[in-house]
Amino acid sequence: MSSDNLSKNKIVLKGAREHNLQNLNLSLPRDKFIVITGLSGSGKSSLAFDTIYAEGQRRYVESLSAYARQFLGQMKKPEIDYIEGLSPAISIDQKTTKMNPRSTVGTITEIYDYLRLLFARIGTPHCYNCGKEISPQTTGQIVESIVEEGKGIKIQVLAPVVRDRKGEHQKIFENLQNKGFVRVRVDGEIKDLEENIKLPKTIKHTIEVVVDRLIIREDIDFQRRLADSIETALSFGEGIVTILFDKGPTKESTQKKGNSSKNKGKNKKNKEESGIYEKVYSEHFACVDCGINFEEISPRMFSFNSPHGACPECNGLGSKMEMDPDLIVPNKELSLNEGAIVPWSRSKPNKENYYHQMLLAVATNFGFSMDTPFKDLKKEEQTIILYGSKEKIPFKFKRRNKSYNVKRKFEGVITRMERQYLETKSNYSRSYISKFMSDHSCHVCGGKRLRPEALSVTVSEKSIAEVVAMPIKDCYKFFQNIELNERELFIAKEVLKEINERLKFLVDVGLDYITMERSSGTLSGGEAQRIRLATQIGSGLVGVLYILDEPSIGLHQRDNVRLIETLKRLRDIGNTLVVVEHDEETILSADYVVDIGPGAGEHGGKVVASGTPTEIMDSPDSITGNYLSRRESIPINKTRRSSNGNYIKIKGAKENNLKDINVDIPLGVFTCVTGVSGSGKSSLINQVLYKGLNGILNHKHSFAGKFDSMEGTGNVDKIIIINQTPIGRTPRSNPATYTGLFTHIREIFAETPESKARGYKPGRFSFNVKGGRCEACSGDGIIQIEMHFLADVYVPCEVCKGKRYNDETLDIRYKGKNIYEVLEMTVEEALGFFENIPKIKKKLQTLDDVGLGYIKLGQSATTLSGGEAQRIKLAKELSKQSTGKTLYILDEPTTGLHFADIKRLLSVLDRLTDSGNSVVVIEHNLDVIKTADYIIDLGPEGGDGGGEVVATGTPEEIAKTDTYTGKFLNNILSENITPLAKKLVDEKMSK
């Protein structure tokens with residue numbers, strides 16, 4: 001076969017050496033569903049992402065024009081001798097989406113763009129004041145509305161000719177002048193057209209031509225002239241006319257004259273007070289009864305990222321930062337004398353404190369004691385303290401042995417802090433005050449992000465806000481069964497097709513429980529990845545190479561079946577899928593499997609076995625094959641631990657979709673919380689249990705989920721959550737610094753004879769402070785070169801050659817190694833090197849116990865996966881002295897773990913539990929669930945259909961129930977094999 005034909009059918013790799021890959025040669029079939037599996041750290045991601053994807057992406061970029069490439073930058077070629085048969089590559093990884101508060105599920109999937117188009121084209125507008133359906137206004141109705149404003153009011157008739165458009169607009173000014181117009185209003189300011197009007201072209205401008213200036217009268221001649229002017233304005237303004245009313249200064253504004261500095265930023269309010277206001281009329285839509293006018297119904301009207309659609313109060317965010325009384329008074333057991341008002345008690349409360357004297361005056365005036373706990377004060381007294389008094393009260397202040405007596409209103413803690421936040425120019429003060437603020441739903445739009453005009457447009461009696469608030473499965477049903485008339489159906493047919501297809505893809509990847517209004521920052525890594533997967537399917541691309549990273553994360557077995565069918569559909573339309581995965585069902589459903597190993601780190605990087613799932617199961621060298629065929633397995637505990645008799649009892653949990661449930665969590669055992677995706681597991685454990693118990697144990701306010709009460713908290717002295725958030729967000733953070741190893745290592749280097757002779761202290765061996773580090777790169781080891789509109793380039797420091805330290809520091813050696821060489825060691829290597837140093841060996845041993853023997857001590861935190869970061873945190877906790885009363889919470893700890901890694905993890909969790917501690921794990925992996933002592937199963941469905949406790953008990957008891965978890969668990973407990981694996985084994989045996 002010729003090389004051309006080979007490259008059409010296969011992806012051929014020769015001599016791959018990226019990271020720990022050991023001169024790997026591999027041939028992969030194109031247009032197939034391929035799974036790459038192996039131990040954690042064996043080189044799967046190095047092969048899939050850092051070699052195949054990186055080269056596919058690099059070649060695609062190279063194929064673009066030089067002009068396009070300058071915006072994309074140069075991409076590093078992976079360490080490989082030869083690679084052929086690649087297609088343009090798209091990576092869908094586990095990284096969470098950006099924390100942009102304006103990004104939602106609807107905007108990421110592009111469904112919201114189609115919704116905006118749908119509502120703009122067939123939506124029915126209503127008056128947001130009276131609810132009446134509204135229709136276009138005639139010229140006569142507009143004239144009548146203006147006359148009703150009152151006789152003698154000066155008006156100017158304005159026609160918008162430019163709205164929010166960048167440019168100098170000189171031709172528009174010339175055309176208007178040629179047509180006989182004299183004045184224009186530019187960005188709110190009236191200007192004469194004879195002036196030399198110059199506008200900055202990079203800023204958006206609004207230009208309105210002044211069609212006429214009149215004083216309102218009630219006679220026929222006035223009404224005729226006004227009608228003519230309005231018709232002229234409507235023709236120029238494309239159906240829109242603005243009337244600027246001037247009643248003259250009001251009595252109130254005259255009194256406030258001179259206080260303009262206090263009203264800075266309130267121009268609109270100032271204009272109203274001076275009698276100047278404006279109204280927009282439209283020949284398109286308006287409510288005659290309420291005088292409410294719509295400019296136009298267009299897609300931008302429904303965009304919360306556009307000033308034409310965003311709620312003016314919250315600017316389309318749906319929430320505002322406001323002072324939070326619970327943060328200002330976190331411990332309501334304290335009295336004012338004991339410092340209950342935290343922002344006014346930075347130091348220990350003392351009677352000379354200005355704020356203390358102020359509160360004392362308030363307490364004296366209103367007759368309450370400064371020693372009464374805040375919770376026991378009357379509601380009115382609490383309100384006065386926080387929001388101020390209406391009446392003036394006497395204050396007596398002492399400063400520098402002088403007394404001052406004043407009588408004034410008490411401003412209130414919150415009111416005063418709000419004013420200080422707005423007025424201060426100090427970044428420090430603003431930062432300090434912001435600590436006592438939290439996000440609150442916007443009181444104008446109710447968190448819906450849009451203007452009232454947009455929220456009052458309906459399609460099939462639903463507003464766009466109501467549609468995006470539905471769970472995806474309900475939204476899909478709504479659009480499947482939507483009732484439209486013939487005209488509406490003709491207009492909306494194609495748009496509805498796109499909406500329904502995209503919603504169906506989200507349902508297929510197991511995301512039927514989420515809503516389109518959900519902020520992208522709240523999505524888990526697995527949810528974000530599956531959303532991107534659904535978006536890619538919706539794009540309909542063909543001939544693409546997709547690289548996916550564990551798409552099954554966060555999915556229950558029930559939902560996993562649908563995900564696998566979706567992946568096969570992506571393959572069937574003509575794409576190649578390369579999936580890094582450990583999930584048994586996914587591996588067995590693949591067309592081709594590559595097992596990388598045999599070990600992790602430098603012991604991995606080789607192809608142990610490749611072929612169909614059955615061929616992998618036949619390979620005795622494949623650890624994966626051994627587990628799939630059940631030659632090796634994770635044993636089921638013969639006996640289950642019993643609770644020590646103590647429980648954490650949560651009453652009335654109702655966070656998110658939790659339905660006022662009561663949950664008893666046994667202590668002294670290994671508890672697994674299960675349920676389908678979106679059933680409420682994270683809400684119960686992370687939001688209610690962890691945040692609630694953490695707040696109680698540490699006597700501080702935490703934004704815990706909603707619950708009525710929590711009993712049995714005295715049986716726990718510490719609660720620790722071990723999640724997948726990074727151990728550090730900069731390259732300076734690494735496993736050695738996070739676990740505390742680096743402190744001990746630096747102390748050892750400082751104790752060497754050479755260090756003592758030179759007077760070096762432990763700080764000399766830190767790359768974070770001056771002294772021992774290389775100052776050319778400030779201890780980074782790399783230099784960042786700014787490329788302006790290109791991506792920044794990072795090059796090794798020419799002075800230290802990437803070693804981070806200066807030569808004098810690197811001269812110091814311990815057992816023949818300098819500090820840089822020690823940080824370059826793997827955990828496994830360091831275990832032997834520091835064998836005789838107990839305090840270091842203990843920390844290294846725990847890292848090795850959780851399966852991280854392959855990572856380097858100085859490996860940048862930014863290069864660690866979420867699963868690796870979680871296990872580093874677990875190792876840190878393992879190395880500490882156990883109290884026997886600690887509650888550990890782990891959220892999907894099997895992420896990124898192979899069967900053999902899970903076996904090691906379970907032994908670590910057993911160690912924690914056997915020491916008397918309690919372990920609570922949120923998990924879908926059946927190997928973890930079957931080894932638990934106790935299971936709490938939530939459901940029965942996700943989203944609104946979940947939030948209930950459907951079963952509790954031992955794995956054997958759950959297996960007898962009719963729940964989704966029970967059905968899958970029953971197969972594992974009865975035969976210790978999944979149905980799909982059993983089918984393949986039976987087929988093999990029959991052959």
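The backbone N, Cα and C atoms fix where each Cβ goes, glycine too.
Automatic, uncurated: that is what TrEMBL annotation is.
Here the structure is a predicted model, which means the values were calculated and not measured.
Listed features, source TrEMBL:
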- 38-45, 675-682: ATP binding site (BINDING)
- 640-971: domain 'ABC transporter' (DOMAIN)
- 250-272: region 'Disordered' (REGION)
- 287-314: zinc finger (ZN_FING)
- 774-800: zinc finger (ZN_FING)
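Positions of TrEMBL features highlighted on the structure.
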{"residue": "Gly38", "record": "ATP binding site", "DSSP class": "strand"}
{"residue": "Lys44", "record": "ATP binding site", "DSSP class": "helix"}
{"residue": "Gly675", "record": "ATP binding site", "DSSP class": "strand"}
{"residue": "Lys681", "record": "ATP binding site", "DSSP class": "helix"}
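Its Cβ placed at the centre, Ser42 (ATP binding site) has 29 other Cβ atoms within 10 Å. Around the Cβ of Gly675 (ATP binding site), 29 further Cβ atoms fall within 10 Å across all displayed protein chains. Mean model confidence of the zinc finger (774-800) amounts to 77 (pLDDT, 0 to 100 scale). The local packing around Ser677 (ATP binding site), expressed as other Cβ atoms within 10 Å of its Cβ over all shown chains, amounts to 26. DSSP labels the residues of the zinc finger (287-314) in these numbers: 4 helix, 5 strand, 19 coil.
For Ser40 (ATP binding site), the Cβ neighbour count at a 10 Å cut-off comes to 28, with all displayed protein chains included. Its Cβ taken as reference, Ser679 (ATP binding site) is surrounded by 30 other Cβ atoms within 10 Å in the chains shown.
For Gly38 (ATP binding site), the same-chain residues lying six or more positions away in sequence with a CB closer than 8 A to its CB are Lys44, Asp595, Ile596, Gly597, Gly604, Val608, Ile623, Thr624, His898. Listed in sequence order, Val673, Thr674, Gly675, Ile922, Leu938 are the same-chain residues six or more apart from Lys681 (ATP binding site) with CB atoms under 8 A from its CB.
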